[in-house]
Amino acid sequence: MADADGGSNLAVLDALDSARTQMYHMKAIVIAGMGFFTDAYDLFCISTVSKLLGRLYYQPDGSTDSKPGALSKTANNMVIGVALVGTLMGQLVFGYFGDKLGRKRVYGVTLILMAACAIGSGLSFGSSRKAVIGTLCFFRFWLGFGIGGDYPLSATIMSEYSNKKTRGAFIAAVFAMQGVGIIFAGLVSMIVSSIFLTYNKAPSYKGNHDLSRQMPAADYVWRIVLMIGAFPALATFYWRMKMPETARYTAIIDGNAKQAANDMQKVLSIEIEAEQEKLAKFNAANNYPLLSMEFARRHGLHLIGTTTTWFLLDIAFYSQNLTQKDIFPAMGLISGAAEVNALTEMFQISKASFLVALLGTFPGYWVTVALIDKMGRYMIQLIGFFMMSMFMLAMGILYDYLKTHHFLFGLLYALTFFFANFGPNSTTFVLPAELFPTRVRSTCHAISAAAGKAGAIVAAFGIQKLTYNSQVKSIKKALIILSITNMLGFFFTFLVPETMGRSLEEISGEDGNTGAGGGGAPAAANAGVGVSASDVSRDEKFPASSTEWQTSMHA
């Protein structure tokens, strides 16, 4: 990329690209990442309480059935899937407004919506089970709507704040907070259910059908678990409101290079030339809309690649997470439903979810953070899809054998989670935040993420039907279908180029170059990309102290 003093890019953007990692970046990761912590907690805690909802609201008094009450297939799919529908719509709406109004202006709205609807979910009361479940679904939809907005905004903000050498790690670190949220969903559910178990002893379902429901204590438990999701969102809101607009949006979209330079001088201890004349030429070369032949020529294949891979990944990833409760009995991690009471079953499901997340899900996210700017996004995504496909195929074919060999089953199951997160679950989030021009970056990330949530909806309303009630033949079929899905993701990855080590303007072609290259080409490697010591040893520095951060946040 050209130098700032005579090249095609703006000095303020070059300064961001070559700035050393400082406290500014760390604070931004935490602020954006806490949104993803909340997202994951809110989306995945429903899996730990859905069986409890079935016992409480779908088991009539005086029941003589051999098994406790369970949500109907329709109710189960709605309770779990409605938040995903809301997420898809929220991604598209907030992604669009993130480009039209600014990243910062709509960023805090997502947290307020998440906090309010998490509380509303726990306060879902009604005179009948239909009223309770219907009210819960209403709040879960709008909770998902807020969660959806966090995807394109957090990814875009982090990519536009980052330097080019460690941009992948920064964006991946924001997304890795999803892993922490999944762990806490299991941990909080486990703690709350265990506290209520201590003071509310009850026989198993076999011992006494009615007493095993543990009413009214059990009715408080699921409500508390859902409402706890509001606290991290509220705790982060103040800091989000203090974040400055990204320099890239201010300069390129608002057309105010002087303001962008002034903002960054409060964050970077340097003098930056405003370059208003260069900005006019810069914008003239990039003033094409999303729905244009120019965009299709430059980025059409890239958008197809990011949408298809995220769609296919989320079919597998959400199937894994949302159907855990149905697969755990086959792995020997939880007792049969009739052998335990309501809160003991919830505790066992939560404990199993926590262990799988801690040992399989969580490490994969952070291995990606460590290696994404060394191996590249492209290779990590290929490896992840391939390994997920192989492990799921093995589990599907050997399912009957694995049911009696719990350790091996658990190991294979955990490895699929590891390679999902050290793989496409992380990279499909990172790549759309880097590939597309500033003018449509948030929208394109939103379209890609919405395609992913469409895959999650397929998982919730389709794959879940196969695993419902832990039927052996159906689970085997589901695992083989997911193996094929992952292999398709492997092949569609060839449409997505490598972005490692280059500036956002170079990747998107905004600096006058041709952009990221054709689909399937690891463009960074082909272009001889690398970051020299001089790129990161310049005098531009982010503030090291929290005082300087506070100053920059008020800019």
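Residue numbers in this text run from 1 along the chain shown.
Keep in mind that glycine also has a Cβ here, set from the backbone N, Cα and C atoms.
The compositional bias 'Gly residues' annotation in Swiss-Prot covers 512-521. Summarising the annotation, Swiss-Prot assigns compositional bias 'Polar residues' to 544-555. The annotation topological domain 'Extracellular' is assigned in Swiss-Prot to 50-77, 127-130, 189-216, 320-351, 399-408, 464-477. The transmembrane segment annotation in Swiss-Prot covers 29-49, 78-98, 106-126, 131-151, 168-188, 217-237, 299-319, 352-372, 378-398, 409-436, 443-463, 478-498 and is backed by sequence analysis.
Break the topological domain 'Extracellular' (50-77) down by DSSP state and the numbers are 13 helix, 0 strand, 15 coil. Across the topological domain 'Extracellular' (399-408), the DSSP tally of helix, strand and coil residues reads 7 helix, 0 strand, 3 coil. Counting Cβ pairs under 8 Å to the transmembrane segment (78-98), the top-ranked stretch among 29-49, 106-126, 168-188, 378-398, 443-463 is 443-463. Within the topological domain 'Extracellular' (127-130), the DSSP-based counts of helix, strand and coil residues read 2 helix, 0 strand, 2 coil. With Cβ pairs under 8 Å as the measure, the transmembrane segment (409-436) is packed most heavily against 378-398, out of 131-151, 378-398, 478-498. Within its own chain, the transmembrane segment (217-237) is flanked in space by residues 31, 34-35, 37-38, 41-42, 45-46, 48-49, 52-53, 55-56, 108, 111-112, 114-116, 118-119, 121-124, 188-189, 192-193, 196, 199-200, 342-343, 346, which lie at least six positions past its ends and keep a Cβ under 8 Å from the stretch.
Using the rule of three or more Cβ pairs under 8 Å, pairs at least 6 apart in sequence, the transmembrane segment (352-372) is not in contact with the transmembrane segment (131-151). A contact between the transmembrane segment (299-319) and the transmembrane segment (443-463) is present, since 3 or more of their C-beta pairs, 6 or more residues apart, lie under 8 Å.
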